[in-house]
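> First the structure, which I've put down as C-alpha cells, then a few questions once you've had a look.
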Amino acid sequence: MATVNHTNCNTASPAALEEAKTSGGLRSPQIAHEPHDFGGSQLLPSGQEIQSEDEGTVPAGDGSSCNIRGSRTQSPGGCSVEAVLARKKHRRRPSKRKRHWRPYLELSWAEKQQRDERQSQRASRVREEMFAKGQPLAPYNTTQFLMNDRDLEEPNLDVLHGPSHSGSGGENEAGDSDGQGRAHGEFQQRDFSEAYERYHTESLQGRSKQELVRDYLDLERRLSQAEQETRRLRQLQGCSSRQPCQQVEELAAEVERLRTENQRLRQENEMWNREGGYCDQEKPASEGTPWPKVEAPFQTHTGQLGHREAGDR
C-alpha cells in the first residue's frame, strides 16, 4: 500500500516547483474528482477516505493537504505552480508623492525669481563641495552680470504715457516721467559716444602716417579758431552785460531827480496856499463890515407876498 504524502502548500520549496515543471507528465499525480454538490458542500465523515490510483488512500479531513477541485496541475507537494508564482511576483506601484511641476513659462515673476535663486544656491553648494574635494571647477555658466549691466541703463518701457492727473498724483507722475526721460537720454548719449569712439578708432587705425599728420594740423587750426571765437563771444557778453547795468543806473538817477523835484513843488504849493489864506482873512477887516442884503419879496401860490429867508432859494 502506498504511503500517504502530507505536505503543506506553504512549505513547497522552489526546487520542487522547478522539478514539477520539468518532469511534467512523468510524475504528474492524478487528482481525485469529487462529486459537485450545487445545493451545498457535502462534509465527508472523518473515517471516509479518497482512493487515488498512484498514492493510495488520503484522509479527507486532514488540514495539511491541498485539495483543489478541477483538473489543475499540482506540484509533488500538492500545491499549484501558478499560485506560488503569483504569490512571489513583485508588482511595482507608482509613488504616492506627486511632484507639482510646471513649465518655466507658466510661472509668475516671483516664482521665477525663487526658482532661479534655488538653482543658484544649489550650484554654489555643488561648487563648494567639489572645491573641498579638490576637483577642478568650471566657471559658473550664467549671464546675470550682463543683465545687471544693462538694467542700470535701460529705461522702463512698460510705463503707460497717459494724461496726468491733478494733485500730488500728477506731480509724482510728472517726476517719474522726467526721471525716466533723463535716464533714457543718458543711455542714448552714452551709447552714441561708445559707438562714435569705436568707429573713430577703427578709422584712425586704417589711416596712414601722412594722413594722420594732416588731420592733426587741421585739428590744431580748428582749435585756434574756436578759441578766438570763444574770446570774442565773451567780450560781447561782457559789453552786453555792462550796458544794462549802465541803463539801470541812469534810470535810478532820473527817478531820484524826479522825486526831489516833486517834493520841492509840493513844498512851494503848500507855501502859496498858506499865503493865500492869510490875505483872504485881512481883506474884510480893511473894507469894513458889509451891509446886509435886502431880500426881494415873492408871491406865494395863494397870492400873498412874503420874504425869502437866508436858507431859501
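Even glycines carry a Cβ here, placed using N, Cα and C.
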> For which of the residue intervals 139-142, 147-150, 203-206, 219-222 does Swiss-Prot record region 'Interaction with P-TEFb'?
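In Swiss-Prot, residues 139-142 carry the label region 'Interaction with P-TEFb'.
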> I need to check the long-range neighbours of the region 'Disordered' (111-139): which residues 6 or more away from its ends have a CB within less than 8 Å of a CB in the stretch?
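Sequence-distant neighbours of the region 'Disordered' (111-139): 104.
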> Looking only at the region 'Interaction with CCNT1, HEXIM1 and HEXIM2' (225-286), what is the mean pLDDT?
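Taking every residue of the region 'Interaction with CCNT1, HEXIM1 and HEXIM2' (225-286) together, the mean pLDDT is 81.
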> Mind tallying the region 'Disordered' (111-139) by DSSP state, helix then strand then coil?
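Computed counts for the region 'Disordered' (111-139) are 22 helix, 0 strand, 7 coil.
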